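According to Swiss-Prot, the features are:
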type	residues	note
SIGNAL	1-25	signal peptide
ACT_SITE	Ser41	active site, nucleophile
CARBOHYD	Asn137	N-linked glycosylation site
CARBOHYD	Asn319	N-linked glycosylation site
ACT_SITE	Asp344	active site
ACT_SITE	His347	active site
Amino acid sequence: MATLFMKLVSFFLILSTFCLTTVNSEPQCHNFKSIISFGDSIADTGNLLALSDPTNLPKVAFLPYGETFFHHPTGRFSNGRLIIDFIAEFLGFPLVPPFYGSQNANFEKGVNFAVGGATALERSFLEERGIHFPYTNVSLAVQLSSFKESLPNLCVSPSDCRDMIENSLILMGEIGGNDYNYAFFVGKNIEEIKELVPLVIETISSAITELIGMGGKTFLVPGEFPLGCSVAYLSLYQTSNIEEYDPLTGCLKWLNKFSEYHDEQLQAELNRLQKLYPHVNIIYADYYNTLLRLAQEPAKFGFISRPLPACCALGGPFNFTLGRKRGTQVPECCDDPSKYVSWDGVHMTEAAYRLMAEGILKGPYAIPPFDWSCLSSEIKNTQNSLMNN
């Protein structure tokens, strides 16, 4: 153990010397070599499934999860591909494999540490405040530690690792949503939950700063979904007071304001980091508005006129029931998931994720926008057809 520890210490000391190299601060076209991903179920491509007790598997271990594209469960929290999958395809990469439990996986073009149920803050910190959750103990800090410990296996030398990190698109989430979800679901009031926001933002910022110190150059940092449009929250906070609902979307206005509160603070912190590290590209992914537009104009995007009910759940006005246990009760699903925005009441369908990814990659929901002008014509041709497949 001591020998391994000293090897890791030596590795990072050498790596840090390479990270002192001056980087051109001029904006450059984004031509990535790989994807490094952290986050929760929005980006999890199989990590929670790999970490789970075989006698108590999560719902993503079973159909109908994965039915649309893969035709079998993969550990993804959807009927098909996720935003991270569409990003990988857009860049001409294979789908990013999960890190945990992967045997003989090829991480040359990407590695994913995102885990379903993960939080930004440490589990012990949340539990001290009465916020309990059963799913995972893999916080953002744990994911980052796993990444650092894996570097000697992902690259052959400190200079090679620096090159890999510098030329990767680093996807920082979405992360933090579960910190709020768990707090809401145990009955914390809005003011108590607002107190978590600066702590979540600080945790995300610290992780970005640490990765910058390791050579990270381009970060895609998503904001929160509009919680007031979430089927889970619409079911939990259902009310007869029509004034609480947005008349256009049917979303709960006060919950969407909370999401906006988080996103405003996150963007302010990202702006601070960008000024502090002008040689780094920090891109904000506006998950809030790219998803909200699907509720505002569902027909425009091919969805049913009432887009909020879940495709695949267990009844109720929004086809969703809180508290369903792992692996229990196979839900009844809609005939055509491509017509629905919400998959299971918490996560989106592949159709919704495709449109969200397109809004981030092609605009206008990435701030600042990506510059893809230097990509090869082969990849550009793939991009032109990707979103229609």
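We count from 1, first residue shown onward.
Using N, Cα and C of the backbone, Cβ positions are placed for all residues, glycine too.
Neighbour counts were taken as the number of other C-beta atoms within 10 angstroms of each residue's C-beta; across the recorded positions Ser41, Asn137, the minimum falls on Asn137. In this structure, the C-alpha atom of His347 (active site) lies 8 angstrom from that of Ser41 (active site, nucleophile).
On the backbone, the CA of Asp344 (active site) and the CA of Asn137 (N-linked glycosylation site) stand 23 Å apart. The two recorded residues Ser41 (active site, nucleophile) and Asn137 (N-linked glycosylation site) have their Cα atoms spaced 13 Å from each other.
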